[in-house]
Structures are given as C-alpha cells and as structure tokens.
Amino acid sequence: MWRSVARRSSQVRRLLSTSAPPAGPLATVPAPCIVQKRGNDILNDPWYNKDTAFPLTERDRLGLRGLLPPRVMSFEQQYERFINSYRSLEKNTRGEPDSIVALAKWRILNRLHDRNETLYFRVLIDNIKDLAPVIYTPTVGLVCENYSGLFRRPRGMYFTAKDKGEMMSMIYNWPQEKVDMIVVTDGSRILGLGDLGVQGIGIPIGKLDLYVAAAGINPQKVLPVIIDVGTNNEKLLEDNLYLGLRQPRLEGEEYMAVVDEFMEAVHARWPQAVVQFEDFQMKWAFETLERYRNRFCMFNDDVQGTAGVALAGLLGAVRAQGRPLHDFTSQKIVVAGAGSAGIGVLSMAKQEMSRMLAKTGEEGHNQFWVLDKNGLITKDRKDLDPAVANFARGHGPNEIPDLHEGASLVEVVRKVKPHVLLGLSGVGGIFNEEVLKAMKESDSPRPAIFAMSNPTTKAECTPEDVFKHVGENAIFASGSPFSNVSLGNDDMLQAGAECLASYITDDEIQKGILFPEVSSIRHITARVGAAVVRAAVAEDLAEGCRTVGPKELGSMSESQTVEYVARNMWYPIYSPLVNNK
C-alpha cells in the first residue's frame, strides 16, 4: 500500500496539520446497553460493573439494592478516589527498589482492571504517559518473569500442544461474538528476557491494553492469546508454581501443526480479525509470516511493526542531521542484533532506500553493517540464515579494508564511522563507553544512537551515557522509557511509518526529537488512521465500515476523515444498563 516517503510527504503533512481530534467522545449521550445478568453477576463482570456509580434506578431494575453501599458516587468521584490511592502508593513506596515499586503499581492497576474496565481504561487514557511504562515495557517484563506467582484470574485464551484437535471447538469458548484484534505469542522470546513459556501471556495482555488506550479499539473486541508448546527454560520447568506445560518446546512440523490449527480456528470464527504475532523466536517469526501473510489477516509486530517505527526514526535522524531526506540512501548504519526485530528493520530500511534510488536511477550499495553475538556478519560466515545473508558484507571495492568476519562492535564503529548506531540486540549495556566514544568520530556531526531493546534493563545504553561520551549534539532514541526521553515504541504499525516520520516539525527535529510525546498518542492515532484510510481509498482497497462505504470515505476531506476516525475510536464512559429478562 505504501510508496516512498518522499512521494507522499506533502500529502501526509497536510493531513497531520489539521486540527486535533477531541480527547473525549464526540457523542455525549451513551446508548443503553442490554445485559442478561442481574445482581452479583453484574458486580462480578468488569465490563458492566460500575462499583458505587450505579444510580438508584439501575440498582432497582438490576437487583443490586442492598448489594452496594448506599451512597451513589459519580464517575469523576470514583476516578479521583482511584488516583488518590495510586498517588498514595507512589508516596508510600519511595525509596523501595524499582522492581518492587513497579510491581506494586501494576497490581493496583490490575485490580482495577479486574473489577471495573470502564474506569480502568479512562484512568489509562488520561494518564497514558505515566502509566504506559507500568502496563507495558519495562514493567511487563517483570510481570512475565513472575506471572505464575502473580496469577489471580485468567485473561485471554490459552492454547497448548495438548489441545491438538480441539482448537476449533475451543475458540467458541470465548464469550464475545465479535473480535477485531488478536495478539498472540508462543512465549519463546519475550522482550530481551528469552523463553518464558506460558508466562509470556503478559505481553499480549499489556499490548492490547495499550491499543485500547492509544488507538480506541473496543476492549470487548480484543483477545490476548498464548500458544504454549512447552519451554526450554529449565528454571521454569523446575518451578512448582509454573503454570505452563512441563515439557521441552516442540520444534519443526510438530510446532507448526499447533500454530496452523490455531490460525484455522481463529479464521473460522472471526475471518476478519487481525492477528498480530508478538515475541516469537526469529526462525518462527519469519516462517509464520511467510506462511500466513497471504492467507490470513495477520502481521508480525517484531518484524514489521518495530520496523515501521524504527524507519520513521531513521528518516527523522537524516533530517536532524541537516541533510535532505534523499541522503537516507547514503546513511551508514551499524546494527547490533540480527534477530527478527533487527532484520525486520533492515529489510524495511533497504526497501525504502531502493524506492528512493529507483526514482533517480542511482545505483545503491549495502549501507548496513550487521553484528550478532559472534561479531560482524560477512559472507564468510557459514550456515547463514537467508534473511540475514542479504545484509552480509562481501569483499568488493565498496567494502572497508581490514573489516573481517567476526569483527567486534567497537572495531566496526571505529572503521565505518557510521551516521547511525542501531541497537536491537537484547543485550543491556552493549553500547559501552568505548563504543560510544568511537561514535564521537562519526562522519555525521550529529550521530544517532538508537537503543531499541526492551525492557529498560536490556537497553544497549542510557541517554546519560550517550550525551556524556558522544556529546550534546548526539541524537538518542530508545525502545523503553527513560527519564526525560520519549519514544513511540512500536505501538504505531508499519503502514503509519510515513505519517509518524512527518508528524514531527522541523523545529522539533533540530532539537533531536524523533518521536512524538506519548501523551498525544490518541491524536496521532486518529491522524495516522485517517492517512491509512485515504491511502486505502486511493488504491481501491477500502471496504468501508457499517453504513459508511468506500464511496462515502472517498468523498471526505482530509479533516473530515480525521474526524470520522476519531469519532469511531472507543472511549470509556458508563452506559445505562437495561435488563431484558
């Protein structure tokens, strides 16, 4: 769908300059909601539960009189009460280790989520900058590592190797008739933490909470999923509290047969649901992407989603370095990490370079130097994965002399003098003082350092390290939050890379700001969504939604399209409940 950034930059910038969509719902009067439950069944359902906010009329007709304290509180009063509790927790945990504080914050939010989804998502939306690190990276890493001990109630679905032959019937155990978005992991490569087995379910849960808050997806229409095929993590297998299958991971055709059956079951019940693959090992990330991408509505976030955001940052880095966008084709980029995320970023960046060069008829060269745990990857390396082999260095005239197979990171940086150092290694601190000082000799006056690995403990370096050893002119971006550093992680998907790159103004770019503040994420989502809608209409790919068809979408102006997207974003508000029994 997407052409080069240069071709559409003016169109996208016009779209992004329209007035921002409203922060809250456009419809002020919520439609009534018909429920089939009464009494405690409603209070125990987090979707319908309003806690003390049930008005007396609803308490009467829903059989709630006597089951709640007599005082009726407004939504705003409930909100204030929770925020006060949260701030009190922050105050009372000062001085405690960061991990203790992070898990305490996650617990109080999780309890609210278990009890009252409407209030939970309103709190999350209004405080997304502060709470995103609690429900996702870096705290989600701690949650996944400790999931078996933290488990209180199920959320999402659990498919296992033992369910072979039963998944088609299992999928109908999910109570919601309509599902628009599924995030699934097999727990094999959770962030930079490795194989966490069934405990990886925390990633789909946290990611979908972000999608609800950031993109306005209806939380009743999302489904987090874990496919448990065992684990090779001996520590988990020996843990009496571990909740997953106690067996080594399936491999080969046995593994693919389980995933195949899951995908067929999902497609049978919800043929239009988007299935996002998350945190799969590299071999399975690429295998499943190629296997399913032309059969199902799916994508791999590590290969494609991270790549979209990283590409937006790389294009922004060119602008921040005071160079025209076309100079991206000559950027020298050193990449630490040859996993699914690293190769996904490289593939998209290479594709973008090829598009730019095709417009001018210029000849392109390999502008990437890729390293894994064994050092620089060259064509001398044996048994290279085909996806990695595309970026291996050769022996031609365009190669830098004396850069051999397996050369160290600091050696590569010293000799290449790259414009960009990109970290997707999952190895915390790999961009050490020696490496960063070598980046000071970059051929760019404003070298860019991207420490993209998650969670924060796995980040290749900190912003303090960069500005101390490279200098104040350096450009820094990260995949996890640091104090006074903002990043859009990978919540923006591949199709929005062009819009995300164009969203930042020239003044912000010159200040080294490559990604927008997370606090404005719903505004950005509406605009990115509108750009995607208009591109789909232009390329005759739009299907429309409910009463609005492709023709109506095509007749909308850019500002009207933004408003249309914003109006259809879900927003948490209590609806009147009506029981038809």
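Cβ atoms are placed via backbone N, Cα and C, with glycine included.
Automated prediction, rather than curation, is the source of TrEMBL annotations.
Per TrEMBL, the features are as follows:
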| type | residues | note |
| --- | --- | --- |
| COMPBIAS | 1-19 | compositional bias 'Low complexity' |
| DOMAIN | 113-293 | domain 'Malic enzyme N-terminal' |
| BINDING | Arg189, Asn454 | (S)-malate binding site |
| ACT_SITE | Lys207 | active site, proton acceptor |
| BINDING | Glu278, Asp279, Asp302 | divalent metal cation binding site |
| DOMAIN | 303-537 | domain 'Malic enzyme NAD-binding' |
Near Arg189 ((S)-malate binding site), which residues of its chain come within a Cβ-Cβ distance under 8 Å, counting only those 6 or more away in sequence?
Asp195, Asp279, Phe280, Gln281, Met282, Gly339, Ser340
Quick one, of the binding-site residues Glu278, Asp279, Asp302, which Cβ has the fewest other Cβ within 10 Å?
Glu278
Using an 8 Å cut-off from the Cβ centroid of Glu278, Asp279, Asp302, can you name the remaining same-chain residues around the divalent metal cation site, in sequence order?
Thr185, Arg189, Ile203, Phe277, Phe280, Ala285, Asn300, Asp301, Ser340
At the level of the C-alpha atoms, what whole-angstrom distance separates Glu278 (divalent metal cation binding site) and Asn454 ((S)-malate binding site)?
13
